[in-house]
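In Swiss-Prot this protein carries:
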CROSSLNK  Lys154  ubiquitin cross-link
DOMAIN    171-429  domain 'Protein kinase'
CROSSLNK  Lys172  ubiquitin cross-link
CROSSLNK  Lys223  ubiquitin cross-link
CROSSLNK  Lys238  ubiquitin cross-link
ACT_SITE  Asp318  active site, proton acceptor
CROSSLNK  Lys384  ubiquitin cross-link
CROSSLNK  Lys390  ubiquitin cross-link
CROSSLNK  Lys447  ubiquitin cross-link
CROSSLNK  Lys451  ubiquitin cross-link
CROSSLNK  Lys990  ubiquitin cross-link
MOTIF     996-999  motif 'RFXV motif'
CROSSLNK  Lys1123  ubiquitin cross-link
CROSSLNK  Lys1136  ubiquitin cross-link
CROSSLNK  Lys1137  ubiquitin cross-link
Amino acid sequence: MLAPRNTETGVHMSQTEADLALRPSPSLTSMGPTRLGPPPRRVRRFSGKAEPRPRSSRPSRRSSVDLGLLSSWSQPASLLPEPPDPPDSAGPMRSPPSNSKEHPEGTWTGAAPVKAADSACPELTVSSGGPGSREPPRVPDAAARERRREQEEKEDTETQAVATSPDGRYLKFDIEIGRGSFKTVYRGLDTDTTVEVAWCELQTRKLSRAERQRFSEEVEMLKGLQHPNIVRFYDSWKSVLRGQVCIVLVTELMTSGTLKTYLRRFREMKPRVLQRWSRQILRGLHFLHSRVPPILHRDLKCDNVFITGPSGSVKIGDLGLATLKRASFAKSVIGTPEFMAPEMYEEKYDEAVDVYAFGMCMLEMATSEYPYSECQNAAQIYRKVTSGTKPNSFYKVKMPEVKEIIEGCIRTDKNERFTIQDLLTHAFFREERGVHVELAEEDDGEKPGLKLWLRMEDARRGGRPRDNQAIEFLFQLGRDAAEEVAQEMVALGLVCEADYQPVARAVRERVAAIQRKREKLRKARELEVLPPDSGPPPATVSMTPGPPSAFPPEPEEPEADQHQSFLFRHASYSSTTSDCETDGYLSSSGFLDASDPALQPPGGMPSSPAEPHLCLPSGFALSIPRSGPGSDFSPGDSYASDAASGLSDMGEGGQMRKNPVKTLRRRPRSRLRVTSVSDQSDRVVECQLQTHNSKMVTFRFDLDGDSPEEIAAAMVYNEFILPSERDGFLSRIREIIQRVETLLKRDAGPSEATEDALSPQEEPAAMPALPGPSDAELQRSISPEQRSWAAFSTSPSSPGTPLSPGTPFSPGTPPVFPCPIFPITSPSCHPYPFSQVSSNPCPQAPSSLLPSSSGASQVPFPSPSLPTSSPLPFSPSYPQVPLHPASLPTCPSPPPLPSTTAAPLLSLASAFSLAVMTVAQSLLSPSPGLLSQSPPAPPGPLPSMPLPLASCDQESLSAQTAETENEASRNPAQPLLGDARLAPISEEGKPQLVGRFQVTSSKEPAEPPLQPASPTLSRSLKLPTPQLTSESSDTEDSAAGGPETREALAESDRAAEGLGVAIDEEKDEGKEPQIGGSSPILSQPSPVWMNYSYSSLCLSSEESESSGEDEEFWAELQNLRQKHLSEVEALQTLQKKEIEDLYSRLGKQPPPGIVAPAAMLSCRQRRLSKGSFPTSRRNSLQRSDLPGPGIMRRNSLSGSSTGSQEQRASKGVTFAGDVGRM
């Protein structure tokens, strides 16, 4: 027991000694009495919690530092003999061990390191430390709480919306996810769908108001775009951000980065990934370009192609921002130079710029190198791009297929680049769906049925299709659908239902590829057929339009360079074609107005109001005197003069053409047309310009605010017109402004126009002698809201009489129109024929029922279209046709017109058909008295009415006209003017030059004397029914009705007012023309196709020289004509039947005269200019006019004449004796 005590005592003593050594104040002797009572308790308190922390911790720290020293001191003290202690001191010395049971042994020695550790880890002292021991852990706890508080505040900030859309649907959070040069993108939320969106703020402070408005309109257009490869546009609005106006776009949120970030991360793109993503980009571009109007991205690059994480597909983004970027930074960098096509620098671009940018994107994806990275600045890039130098990275492309595609996309000439459709059908981008469709037999390009093979890949044979296990099927173009064929295969068990979509897609793509190939071959053939530019195009393929199954796209042929002022315009306002007419403009009255330059004398030859005007209800006979080439003026010159074009290279006025080759010269030049006129708020005219490089530019100008000089300067600056064309463009714009102002004034006072229509004598005097577009051309472009009353067709009327808004109009109801009024003036004073014909009903009742088939108006009897909107259209080969003194009643006031006069001024109630124009090559008669042999047009039955004749005897006119008709009817088999054919010209006789046209006259029959006839013509006029079936005619009519007898024809002829140049030719059978009304020339000719006699339908001297005497050419033309006749007839019959079925299904009664859409399509007529056009465009430009009800017209302007009366009768077309005959 003593040893432990000694040990414990030794330990205790060593501790005490240590304390004493550290504390120099008290001695050991003085400590004895102090340890009698309280010291042990103090020792216990020292080990307990009573002592303050400084006293308890200080020894602990010191013992830990001096542990080794204290241990060394305690060891010798235990070995030395102890001095004798007082007996009373043993108790206190032993008291600590007695109390040491509460604390384990070694509390002071062994606990010393523990306390040292506690000093390093304060949290361990909490269990035994004093009150101050909680302080050290409180410091890190506060920092953690601060961090948690900041995190919560940040989360609250991020989840709290800082802005909302005007409708409250979209929320903006203050989380920036992207920033560009002019935009900042934040995270947003669609509260309706709870889908995150991208909130884009676009700075527009540098934009003008017009540019801002334009961009807003583009964004509005982009909202409706939904495609899997297009970033969705949800909404947009204007907002004010920090006092600045900005545009906010809400788009689909793309969180997986862009192609640019992908290339930075992976550097190299695998071929299959390149193929798949490139195909998806192409699909997105194809979707944009197939919109109407096409949407151009204009800033396509890898930074704007986003990747969707879940599906791994790509989407094209930043749509519509290129315009804004160009406007904002026009003075620095326009777009992204590395991806900009050469034409982008000129700001003249189309869909091809996106193809160029796509090629650069593919180049970057294939090489992971930025295009033109070798260039130091944008100027070097510009020089390389415009010079056609490819970037250096192009030569690093390893895959030949990819290199070929890139090369085809980045060509300098945009016309040589691939199209999106070409790229989608390229083998590299073709999807492997395990289904292959191929032709079972070679395609000849003609058969409507395709024999195809469907092969399915066999997984057991390495993906190769099985041999001799193809499914052969027949696909009818235009009738079968790929989905229907695939469904039939599924129903028959040939393919499984899971393969329905791949099979349908494969069939659809193969058929589309075959059709594209056929179209290319067809165009190539047409280009081969086209003659050289030295001469006019022959009337071959250009006159054989295909069956008009649907409205074709508008051909790009504006009118600024129309080198002939046609006297006849298209006057159709049917609801089907009113918004898609090409150039058939109308005046407010629907016909040529008095201010039409085609009806005016040239400059320096003013019209004389004192000249008497002979009012002819339907027509009058004309003599055909021989006219030598030395005549001062010819109708050919008048007809072909380019008064309507400010850019004309033709002579003005009555000057004769010195160089006929110059007339039909072709060169690239701008063409201008008026598309719309609006006077709702501002008087705005919209025009369409075809530039010298065949680009279409649509522009508008204010009649009051814009000057022609400013417009011309802008056009020259933008290189839309050449500087050499500026003067012509200026004059053209001035003429358009004058015509539009005249038209708008006339529209403002229709009642005045109606009053003016009653006085035809005053009208020609007011005609300004200004060449330019006629008011008739501008009328069609008047907006429908201003022309709600304009849905009428061409019909005779007094001039300037507008159709009242309440006038009912339907295709089957024949409107009642007054007879046309024609001023007959002296040829010496009026080289241009006048026409005061209007298509609107005159308020007066003395009007005859003159039906018209132009537009939608139909006549209830078998009569071809009889529009009266044109005077006599003189074809290039048409001879001069002055009035014969004996053929028409002469008035006391006008001097007699000698037969030797070279330029008679004629205005007929209806223009001659193309048959007359083409036959006119042989119409030049040697004697001036040939009028009696010209059969007048047999008019239709008209109610009795007084015929207004200006200072002329109506009875004498009727008598003389009837005499002519009797004479003509008595010689039905006698050839009128010989065998007249369009080409080859095989008539005998020396060709003579009429104006600038070479005309050959063959036979000159004797001139029979005129015989008196009954004057009953004035009481019963019959409607002229021109059955025009010459080479140029497109009116092979088939009507319900039996053939007319010769007597009925003669009676019909006697009722005419003497249109004397009625000739019909029968080229196919080689027959002589029948005089007894075999091809009576219309007093109401078909309005539209007469326009084409000048440029392509009749042989002028140039055409004769260039085209030659090729018989095979015309034989082929005849075959094409017959083919198209049958196709159009079948189509029109089918469409008419479908319309009747539709009416029956709707429970309505079909209207009396149903016109099939194919027939209405023929109203889309435009005048042909001298410009060089491919044959396909000429096909689309030449379509016949609407036939009358019951008349089935063939839409072919080509072929030979088959116009004998017997042939017409065999085709069911008759000249009705009265209105009710059908």
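In case you wondered, yes, glycine gets a Cβ from its N, Cα and C as well.
A map of Swiss-Prot features onto the structure.
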residue	record	DSSP (3 states)
Lys154	ubiquitin cross-link	helix
Lys172	ubiquitin cross-link	strand
Lys223	ubiquitin cross-link	coil
Lys238	ubiquitin cross-link	strand
Asp318	active site, proton acceptor	coil
Lys384	ubiquitin cross-link	helix
Lys390	ubiquitin cross-link	coil
Lys447	ubiquitin cross-link	coil
Lys1136	ubiquitin cross-link	helix
**Request:** Work through the recorded sites one by one (Lys154, Lys238, Lys1123) and name whichever has its CA nearest to the CA of Asp318 (active site, proton acceptor).
**Result:** Lys238
**Prompt:** Here are some recorded sites: Lys223, Lys238, Lys390, Lys451, Lys1123. Which one has the most Cβ atoms within 10 Å of its Cβ?
**Reply:** Lys390
**Message:** With every protein chain in view, what's the tally of Cβ atoms within 10 Å of the Cβ of Lys1136 (ubiquitin cross-link), excluding that atom itself?
**Reply:** 18
**Message:** Give me the CA-CA distance between Lys447 (ubiquitin cross-link) and Lys172 (ubiquitin cross-link), in Å, as a whole number.
**Reply:** 61
**Request:** Between Lys384 (ubiquitin cross-link) and Lys451 (ubiquitin cross-link), find the distance joining the two CA atoms and give it rounded to the nearest Å.
**Result:** 49
**Asked** Between the recorded sites Lys154, Lys172, where is the Cβ count within 10 Å the lowest?
**Response** Lys154
**Prompt:** For the recorded sites Lys384, Lys1137, which Cβ has the most other Cβ atoms within 10 Å, all shown protein chains included?
**Reply:** Lys384
**Item:** The one of Asp318, Lys447 whose CB sees the fewest other CB atoms within 10 Å, among these recorded positions
**Value:** Lys447
**Request:** Could you check which of the recorded sites (Lys451, Lys1123, Lys1136) sits closest to Lys238 (ubiquitin cross-link), going Cα to Cα?
**Result:** Lys1136
**Asked** Do you know the mean pLDDT across the domain 'Protein kinase' (171-429)?
**Response** 86
**Message:** Through the lens of DSSP with three states only, how would you label Lys1123 (ubiquitin cross-link)?
**Reply:** helix
**Prompt:** Given Lys172 (ubiquitin cross-link) and Lys451 (ubiquitin cross-link), what distance in Å do their CA atoms have, once rounded to a whole number?
**Reply:** 59
**Item:** Integer Å distance between the CA atoms belonging to Lys223 (ubiquitin cross-link) and Lys390 (ubiquitin cross-link)
**Value:** 37
**Separation of alpha carbons, Lys223 (ubiquitin cross-link) and Lys154 (ubiquitin cross-link) (Å)** = 34
**Fill in**
One should report the C-alpha separation between Lys1123 (ubiquitin cross-link) and Lys1136 (ubiquitin cross-link), rounded to whole angstrom, as 20
